[in-house]
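Colleague: This is the feature table in TrEMBL:
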{"type": "TRANSMEM", "residues": "33-54", "note": "transmembrane segment"}
{"type": "TRANSMEM", "residues": "157-176", "note": "transmembrane segment"}
{"type": "TRANSMEM", "residues": "183-205", "note": "transmembrane segment"}
{"type": "TRANSMEM", "residues": "211-229", "note": "transmembrane segment"}
{"type": "TRANSMEM", "residues": "236-258", "note": "transmembrane segment"}
{"type": "TRANSMEM", "residues": "278-298", "note": "transmembrane segment"}
{"type": "TRANSMEM", "residues": "343-361", "note": "transmembrane segment"}
{"type": "TRANSMEM", "residues": "381-403", "note": "transmembrane segment"}
Amino acid sequence: MAERRKAKKHSAEKSGRGSAWLSALKEAVTPALAIRVGIMLLLIAGLAAVMVLLNRAVKREVPTAASLRVFVPAKITEVLSEDATPDTWTEGLRLGQQELEVELLEGEYKGEVLPIQNFLSAYSNVDGKVGGRVIVRVDVDESGDPFVVMVANYDRGLVMGGLLLLFSALLVAIGGKKGLMALLGLAFTILCLLFLLIPLILLGLPPIPCTIAFVAIATAASLLLLTGFTRKTLCATLGCVGGTAAAGILAAVVGVITPLSGFNMSEAEELVLRASEYHLHISGLLVCGVLIASLGAVMDVAMSIASACQELRELNPMLTARQLFQSGMNIGRDAMGTMANTLILAFAGSALNTLILFRAYNYPFLQIVNSDLIVIEVLQGLAGSIGIILTVPLVAAISASLLSNRGKKAVAAPQARPKTKSAPQPVR
C-alpha cells in the first residue's frame with residue numbers, strides 16, 4: 001500500500017510539472033510571437049526555393065575540365081623512398097622527391113592502396129609522413145584502373161572544422177542567446193552569398209544591384225535575429241544599407257574617374273574566359289567587393305548607435321529628436337575611428353606581401369601608388385571607411401526621427417524629496 005501511494009504521488013508530481021511547463025510555454029508563445037515566427041519561416045522557405053531554382057539554372061550541360069577532376073582524401077601508409085634535403089634559402093623546407101604509398105579514404109575507389117611520386121618544391125611542398133592525411137587527385141588509365149596523379153595538398157578539413165566548432169562554441173558560450181542568434185545570422189549571410197548572389201551574377205544580371213539587394217537581405221535577417229521586429233532594428237537596417245550603398249557609390253565614381261573596374265583585378269583574366277558563357281558583367285565586380293567588404297563594419301556601427309539611442313529613449317521618454325541625434329552622433333564618433341582602422345588594416349594586411357615585394361625590389365614610388373593592386377586595396381579601404389563615417393549621421397538621424405517624441409521638450413528627472421528628520425527614540 002505504501003509503495004502504491006508513493007507511485008501515485010510521484011505520478012501526480014510529474015503530471016503537475018508537465019502541466020506547469022505547458023502553461024508556461026503557452027504564456028511565452030503569444031499570438032504575436034507565433035505570427036512573427038510564421039512569417040519568418042515562410043520567408044525562409046521562399047528564399048530557399050529561390051536558391052534551389054537559381055542554382056539549377058546556373059548549371060551547364062557541358063562540364064569544365066576542372067569539374068571533371070576527382071580529388072579525394074588519402075592516408076599515407078608508407079614512404080617507399082625519398083631523395084629530399086633541407087635547403088637554406090627556403091628556411092629549412094625539404095626539396096626533392098618522394099615515392100609514397102597512400103590509401104584512398106573516400107570516393108569510388110575507397111580502400112585502394114596506390115603508389116605516387118611526390119615532388120617537393122619551394123612553392124608546392126607537401127612533405128609526406130607515415131600516417132599523414134593528404135588530398136590527392138585520382139584518375140583512371142585506359143583499362144579503367146585508378147592511379148594517383150598528384151598530391152594536391154594537406155588534408156586540413158579536420159583542423160578547419162575544429163576551428164569552426166571552437167568559434168561557434170565560444171560565440172554561444174559567451175554571447176548566450178545573442179551569440180546563437182549572431183551565429184544563425186552569419187550562417188544565413190554565407191548561404192545567401194554562395195547560393196543567391198553568386199548564381200544571380202553568373203546568370204548575367206547586373207552585379208551591383210544584386211549585391212545591394214544581398215546587403216539589404218543579409219542586414220535585415222542578421223539584425224532581426226539579434227533584436228527582433230523593433231524600431232531599433234529598422235533604424236540600424238536602414239542606416240546600414242544606406243552607409244554600404246554610399247561606399248559602393250563612392251567606389252563606382254572613383255572607378256569612373258581613375259579609370260578602374262573589375263577588369264583591373266587579379267582574377268579578371270580567368271573570369272574573361274568564362275564571361276561569354278555566363279554573360280558576366282566583370283566591370284561591376286570591383287564595386288561589389290567594396291559593398292561586401294564594408295558590410296560587417298557598417299552593420300556594427302549602425303547597430304551600436306541604434307541600440308544606444310533606444311536605451312536613451314527608454315531612460316528618458318521625453319527626449320526630443322535633436323537631443324537623440326546629438327547623442328547618436330557623440331556615440332558614433334567614438335565607434336567610427338576604431339571601425340575605420342579595422343577596415344583599412346584588414347585591406348593592408350591582405351596586400352602586405354605585395355608591399356614587401358615592392359620594397360624589396362625597390363619599385364619606383366610613382367609605379368607603386370598607381371599600380372592596379374595597390375589602388376584597388378586603397379580604394380576598398382577608404383570607400384568602406386567613408387561608408388562607416390556616413391553611417392553615423394544617417395543612423396543618428398533615422399533613430400532621432402523614429403524613436404523620439406516630436407515636438408515635446410525633455411522633462412527633467414524629478415528631484416528626490418528631502419527626508420524629514422524623525423524624532424529621536426528614547427533609549428531603553
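Heads up, residue numbers simply count up from 1 along the chain you see.
Cβ atoms are placed via backbone N, Cα and C, with glycine included.
Fair warning: this is a prediction, and the values are worked out from it, not measured in the lab.
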Colleague: Under an 8 Å Cβ to Cβ limit, what residues of the same chain, 6 or more beyond the ends of the transmembrane segment (236-258), are close to it?
Modeller: 208, 211-212, 215-216, 219-220, 223, 227, 286-288, 290-291, 294-295, 298-299, 301-303, 305-307, 375, 379-380, 383-384, 386-388, 390-391, 394-395, 398-399
Colleague: What same-chain residues lie close to the transmembrane segment (157-176): Cβ under 8 Å, and 6 or more beyond its ends?
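Modeller: That would be 73, 133, 182-183.
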Colleague: Given the transmembrane segment (211-229), which of the listed stretches 183-205, 278-298, 343-361 has the most Cβ pairs that are under 8 Å apart from it?
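Modeller: If we count Cβ pairs closer than 8 Å to the transmembrane segment (211-229), 183-205 scores highest.
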Colleague: Six or more residues out from either end of the transmembrane segment (278-298), which same-chain residues have a Cβ under 8 Å from its Cβ atoms?
Modeller: 193, 201-204, 206-208, 210-212, 214-215, 218-219, 240, 243-245, 247-248, 251-252, 255, 260-265, 268, 271-272, 339, 342-343, 346-347, 376, 379-380, 383-384, 387-388, 391
Colleague: When you scan the chain for residues with a C-beta under 8 Å from the transmembrane segment (183-205), skipping those not six or more beyond its ends, what do you find?
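Modeller: Distal contacts: 47, 50-51, 54-55, 57-58, 168, 171-172, 211, 214, 217-218, 221-223, 225-226, 278-281, 285, 288, 292.
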Colleague: Using a Cβ-Cβ cut-off of under 8 Å, list the residues of the same chain that are 6+ residues beyond the ends of the transmembrane segment (343-361) and lie near it.
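Modeller: Residues 293-294, 297, 368, 371, 373-374, 377-378, 380-382, 384-385, 388.
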